[in-house]
Amino acid sequence: MAKQEGKNETVVTEFILLGFGNGPELDHFLFLIFLSIYIVTLAGNTFIIVLMVSHRHLHTPMYFFLGNLACLEICYSSNILPRMLLSYLGGDRSISVRGCFTQYYFFGCLAAAECYLLAVMSYDRYLAVCRPLHYLSQMSGKLCLQLAAASWLSGFLSNSILTFLISKLDFCGPNEIDDFFCDSFPMIELSCSDTSVAGLVTSAVAAMCSLPPFLLTFSSYLYIIITIIRIPSAPRRKKAFSTCSSHLVVVILFYWSILTVYVLPHRESQMSPNKVFSVFYTILTPLVNPLIYSLRNKEVKEALRKE
């Protein structure tokens, strides 16, 4: 929808999220798929938080960060999936411009916070595996709180700049966003203003929020793998590699999709593939994180047996 402003200029008041296609049969199928994913995501991450809080032997730095990650994933999914489910259920894919900016703001904040939090978690595992004698003294309760708070705060501050820049753009032409949620580049593509600054700043902030945490995470896991290789016991090496490789797969999947969409050179022809990449870090990562990071751990399994 657009309203007339002046004689020859219209101002867009709402966007249309095209999602993954049209048609009642496809909409019903996608609704069931994404509803199932959302329910499992909420249940899995909520269960992890309850488990962490209710069992004293899980009150450790590692599980403190896992609890933060689970909370973040709940917020992450709840920012995108409910709106998408309503569109498939009722067929109304419209969203107000202000609502679109709000969704993008919280999405960008939570995505940046997850990058920082994954880096903090990898550093925690590096200290535990590579410097076990200094782990308790270096990873104190106060430092854990500071690192978690810094991850959340940095994520919310970083995306404030981008949201402000995009909100100042003029939208007076097409209002169809070829995506299933409000994201920066699809919105910038629709603007009738000069978007060079907004596009450049978006890529710069995305690189700042993703590349340093990715390098820290990758370096930490590299040192962890080297340390594991030096373990003389074959069963212990196999067990350590199993857990480490699972974590690494999730991290690579998350960062690979984030970097592909936001940091690599952006072209209009990349929009459709980018929509597929977006599924990985907006929908699939929150789904698999509680399984990969928590339910495979020995301490969590022991807590489950006591329930």
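In case you wondered, yes, glycine gets a Cβ from its N, Cα and C as well.
Model, not experiment: these values are computed from the prediction.
The transmembrane segment annotation in TrEMBL covers 29-51, 63-81, 101-123, 143-166, 204-229, 241-264, 276-295. Annotated domain 'G-protein coupled receptors family 1 profile' per TrEMBL: 44-293, in sequence order.
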Counting only residues 6+ away from its ends, which parts of the chain sit with a Cβ under 8 Å from the transmembrane segment (143-166)?
61, 64-65, 68, 72, 101, 104-105, 108-117, 120, 184, 187-188, 197-198, 201-202, 205, 208-209
Considering the transmembrane segment (63-81), which listed stretch of 29-51, 101-123, 204-229 counts the most C-beta pairs under 8 Å:
101-123
Quick test of the contact rule: Cβ under 8 Å, at least six residues beyond the ends. What residues does that give for the transmembrane segment (101-123)?
62, 65-66, 68-69, 72-73, 75-76, 79-80, 83, 95, 147-148, 150-152, 154-156, 158-160, 162-163, 166-167, 181-184, 187, 209-210, 212-214, 216-217, 220-221, 247, 251, 254-255, 258, 281-282, 285, 293
